[in-house]
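Annotation source TrEMBL lists transmembrane segment at 28-49, 86-112, 133-155, 161-185, 206-228, 278-300. What TrEMBL records for 87-297 is domain 'ABC transmembrane type-1'.
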Amino acid sequence: MSVANTDHAHKPRPKREKHYYEDWIGKIYTSICVVFLIVVIISIVFFVASKGLTTFMKDGVSPLEFFTSGTWNPTGDEPAYGALPFIVGSFTVTILAALIASPLALCAALFMTEIVPGKGKRILQPAIELLSGIPSVVYGFVGLTVIVPLIRSIFGGTGVGILAGCLVLSVMILPTITSIMADAITSLPGGLRESSYALGATRWQTITGVVIPTVLPALLTGVVLGMARAFGEALAVQMVIGNAPHVPNSLLESASTLTSVITLSMGNTASGSVHNNALWSMALVLLLMTFIFVLLVRLLERRNRV
């Protein structure tokens, strides 16, 4: 009897050992993937930083001149490497695009989740998914053939400039912001709305007094992620902004961004030249701004959990 019980007790052991080895292999595989991702990220940061800092440490370009000078003339008799016009252009189109897209995204998210939850989502969700899947070059081409002539017909001039760039970018980041805002509003507990209605509040009072204040950090997260995409966008902006290396004085003036000058000039410079290293310095600025956007998102998410 004891022998039978002993045999019976030993029967599941191979199965347990199989699960143990499967778990062990899974942990090893995921650990390798994590280490690989960390190595890739560190390598990218190290490479961009080493190339970008060479401008200041080896080529003798003053950081003060790089970040505050409005003159960019790397091929002149007296080369100048002022990146201020591109930094100002990047921030200008990014902020304006976010200011245009955020109210529209909030209205679309509220329409899908609060105003007409069923039909609204069925109508807008496919359109948002379609917009998010359109390539950047298509946005740029539409901006070049529709938005630029429209601006030219209304305000005169060439039509290319900051205004055209921020309008194109606002449409590009609209799906990102709308999706995140809609998810944030949907995740709100239904008891909050019911409590508001029970106190006699109307739908609009509930939306403005309960829904939006409660999910405000998540809504801001969507805005920040949209700005992160706008700040790093290159091709579409390059096609409509005019690519003029100076600080714009109005929305109708041509300008340039960090991404546009990098994509236009990187292939025309010799590796290791001061001009090439200055472009890598701009890439380092873009990388640092990406880290700042990610940090802001993490802070907003933490605030939302609290």
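Glycine is treated like the rest: Cβ placed from N, Cα and C.
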>> So if I exclude everything within five residues of the ends of the transmembrane segment (133-155), which remaining residues of that chain have a CB under 8 angstroms from its CBs? That is, six or more out.
In response: 161, 163-164, 167-168, 171-172, 233-240, 252
>> Would you say the transmembrane segment (28-49) and the transmembrane segment (86-112) are touching, if the rule is that at least three C-beta pairs must lie under 8 angstroms and be 6 or more residues apart?
In response: no
> Quick one: do the transmembrane segment (278-300) and the transmembrane segment (161-185) have at least 3 Cβ pairs under 8 Å, skipping pairs fewer than 6 apart in sequence?
Replying inline: no
